[in-house]
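Record features (TrEMBL):
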{"type": "ACT_SITE", "residues": "E407", "note": "active site, proton acceptor"}
{"type": "BINDING", "residues": "H406, H410, E429", "note": "Zn(2+) binding site"}
{"type": "DOMAIN", "residues": "115-304", "note": "domain 'Aminopeptidase N-like N-terminal'"}
{"type": "DOMAIN", "residues": "334-557", "note": "domain 'Peptidase M1 membrane alanine aminopeptidase'"}
{"type": "DOMAIN", "residues": "640-962", "note": "domain 'ERAP1-like C-terminal'"}
{"type": "SITE", "residues": "Y492", "note": "site 'Transition state stabilizer'"}
{"type": "TRANSMEM", "residues": "23-47", "note": "transmembrane segment"}
Amino acid sequence: MDGNPPTCDFSTKTNRGVYLSKSLIFVILIIFALALVATAFIVYNFAACPRTDQLANVTKYELTRCEQPKLLVIPLATDNNKSIIAVETTTSLIETTTVDETPKVTDVRLPKYVKPDRYYLKLTPYIYEGNFTFDGEISIILTVKNETKQITFHGVELTYHSIKLIKKEDGGEVKIVERTEDIPRQFQILILDEPLIAGKQYYLNITYTGILNDNLHGFYRSSYEDQKVKRWIAVTQFQATDARRAFPCWDEPALKARFVISIARPNDMTSVSNMNIVRRQKHDSLKNYTWDHYAESLPMSTYLVAFAVTDFGNMSDNNFSVWARKEALPSAAYALDIGPKILKFLEEYYKIEFPLPKIDMMALPDFKAGAMENWGLLTFREIAMLYDEGVSPTTAKARVASVVAHEIAHQWFGNLVTPAWWSDIWLNEGFASYVEYVAVDAVEKTWKLMEVFVLNEVQSVFKLDALTSSHQISVEVGNPEEIGAIFDKISYGKGSAILRMMNHFLTDSVFNAGITAYLNARKFGDAEQRDLWSALTAAAQGSGAFDGDVAVVMDSWTLQTGFPVLTITKDYDTGEIEFKQERFVLINNTLEDQKSPVWWIPVSYTTAAEKDFESTRPQLWLRGERSIVVKNISISRNDWIIANIQQTGFYRVNYDQHNWELLIKILNDPSRFQEIHPINRAQIIDDAMNLALSGRLDYRTALDITSYLTHERSYVPWKAGLVALGYIDAMLSKGAYYLEYKRHVLRLVAGAARELGWAGERAESVVRAQQRVALLATACHLRHVACLEHAVRLYANWMLSANPDAYNEIHADIRSTVYCVGVQTGGAREWRFAWDRFTEASAPSERELLLSVLGCTRSPHLLYRYLELSLRNDSGIRKQDTVRVFSAVASSAIGEPIAFNFVRANWQRLKDYVGSVSTLNSILKVVTRRLNQVHEYEELQRFVNESCSELGRPVQQVLERTAANVQWMQRNYQTIVDWLLEADKSAPAVDDA
């Protein structure tokens, strides 16, 4: 028998082959056509509406027209990073994707069928090597809003052991048919055998196990060394979307509930949570564990839940306690001193008592954020809460006060009243960022911290908001990465700046009354920005302070990207003055005029005749108009005008050329420049230099303004000048004419630096200490000989000390400059000495400082070594400090290409190590600040396209900023070089190395 199977012969055979009859051909064609139709129908059905039992080997799917199954469970092969993806379908569409990439979703809101009322949570963390897990038991009381046969909640990286749904009314169990996981949305979905009845309550009881991860989010592990012994602790960080990593929950800010928490902890450790402990009991099965049972909380959002299991020590002042490593606990004394004072001030400021029975503040060795406002349990990086007199610089004390004030401010604005969704997170962060200055200014009156607000929260934010890739303050966000990305300078800094602007045009009394009314109306609930606008409008109209609708004014600032530049042009023949607005963008001509947004701009101003820099209420408004012409301002031809008094408005100001020349004249007059308020002197410098940077003002005019700094002695204008000149420094640092730039700035700095000197005064103000640090750092950076010699001598003497860790005579305020110069001018020996001091240091401020100065070396091999150390778990550099290392290395012209090349060569390794999109974005930002050549931009763009395009808006901002640097070089480089060369000819010699 041959190998061919028998066949049915319907053909006529001939010697030449096989022929088919016409009727048979017709039948075959009919069958073929029917087969095509059937195949198309099957393919359509499977591709459009995949089902659980038919997709075991699917590698690509499309959901475009399918309305049928509510739930799609897609088990995929487990190799090649494939995973199980489940999609809960609604009326929205999901784009075509492959399973190798988890589809990016934007609709991540939970269904509204049920709402949690109470969580009864019991956790047992296992805090020892080789385990690092926790067991959880949770019982959630649910109220059904709409009849449903489905329950959807959040849960990530949790292993479920049992899930039961019990009717509260009669104790009957509702059968759960299936549990499915929607990985992109981080949903757990329960399909029920019977519908839940609207208005009824049910218990959802779950037992599960979770991971004490080392990624600084959710319920995570941290460690520190005590007398060479590693000690482990377990702590939490849930904002914005990580409570779901610790317990199953409805993890959205508006879904508030009450929490009853119990923590099992080893007998030799303690636990802390949002509320006070009401009972302790021995653990039933773990003989070395004790249960701590906490009081029921007030209604709060899941992201504000917090707990910690540590062996820390604590100190208390009535209901206010601080916690830290026992060795570091004395350093928490200042936080314990200022915390209750700020709490009392804010109770009076809000006119609402703090509603919880206690506040705990805890300093953590590993903490991703600066601090977190968990209700009743505030958590901090150690550097943000601990202050060592004589070891920490004066500026660190101000930092502790500000961060403590920021987090306590949140206890009302954010915790008592919470944004309904993350799009309005600026209501939390903007308000706390503003009130921290108000509170510290009230408690530490001699510091005059409010003066530096314009530097930290206005001028620094302008740089980001001038990018076309910036975002609105109130911005729609969906997936967790998008939510995390808006915790930036726009939400914090711009949010606080526009609140300060509103405070000034409404007045303090009206603003405060509106805030109190808003908090009382929405307490224990959620709110949107329109609720705040309504309360402020009512307060303003009731007092007659403002007759408009606050929402109309403020929506122009929160719902539009960017900010305006107000150009003031005088007609010196008619006396008319035109006020014209347009959006300020870094790369000019990227916006068409007709598409440029408009704002409601409050305009305050003064003239040479008036010199009134105290009245900050607006004298006129641009009410969404592109320009207005004013005829009734009395001003002579040779009188200057200055708008935006004390820079209370969030906008830049440009003038006609004659007015700029008048301002240059008075500023360069040593006997008259102080007629202008110091904040407005800072504003003029910052506006002029950035108007020139964007091509709106000739750089020669802007640089002429900075020349007045030779006789300036106030910190705020000086700092604004150093920041503005610092951009030119970065752009010229790799060029042929950096020497001329260096000499110019040294001439400006020399006098003020000499007067301040190296030795600080007793009880010196924070502002004066900041000025000393800034000027001495600049002088040494620009290689002023006397500065370098003094710093080298101090560092060498420290190295000669018999016990350098115990005896360090360098004043804390100047250590940053001295250490950097010592490492920079030395070699491997000096670098190793600084590294050894880092490994031995226990004070957080000293460790942070040493991390920064280790990047000052000019030796490429040491810089590469330092970057390598930052990615090793055993190096002593904490994961939270990785960005600081890369920033330190990239801060010089030598280190920047090394850092950028290292990032590109080790990108996957970086991603695996840091485990955080926000950290990756920060690293990419700091290592690309100096890129300004076309080929560098092209290399960056290629890298982004190939490796990190998924990082979203922040990486687009990096690209845009680099493009702006390239444009700046093409447009301004020669103009600045010519100005510097001309200035250098007529200027006296400087003592530079």
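From the backbone N, Cα and C atoms, a Cβ is placed for every residue, glycine too.
Worth saying up front: this structure is predicted, and the values here are computed from it rather than measured.
Spacing of E429 (Zn(2+) binding site) relative to Y492 (site 'Transition state stabilizer') is 5 Å (Cα to Cα, whole number). Between the CA atoms of Y492 (site 'Transition state stabilizer') and H406 (Zn(2+) binding site) there is a gap of 11 Å.
Neighbour list (E407 (active site, proton acceptor), Cβ cut-off 8 Å, at least 6 residues apart, same chain): M361, A371, M372, E373, L378, F380, A432. Looking at the domain 'ERAP1-like C-terminal' (640-962) alone, the prediction's average pLDDT is 93. If you take the C-beta of H406 (Zn(2+) binding site) and look for same-chain residues 6 or more apart in sequence within under 8 angstroms, you find A371, E373, A432, S433, V435, E436. Residues H406, H410, E429 make up the record's Zn(2+) site, and a Cβ search at 8 Å around their centroid adds E373, E407, A409, F413, G414, N428, F431, A432, S433, E436, Y492 from the same chain. Other Cβ atoms within 10 Å of the Cβ of H410 (Zn(2+) binding site) number 25 in total over all chains. Cβ neighbour density within 10 Å is lowest for Y492 among the recorded positions E429, Y492.
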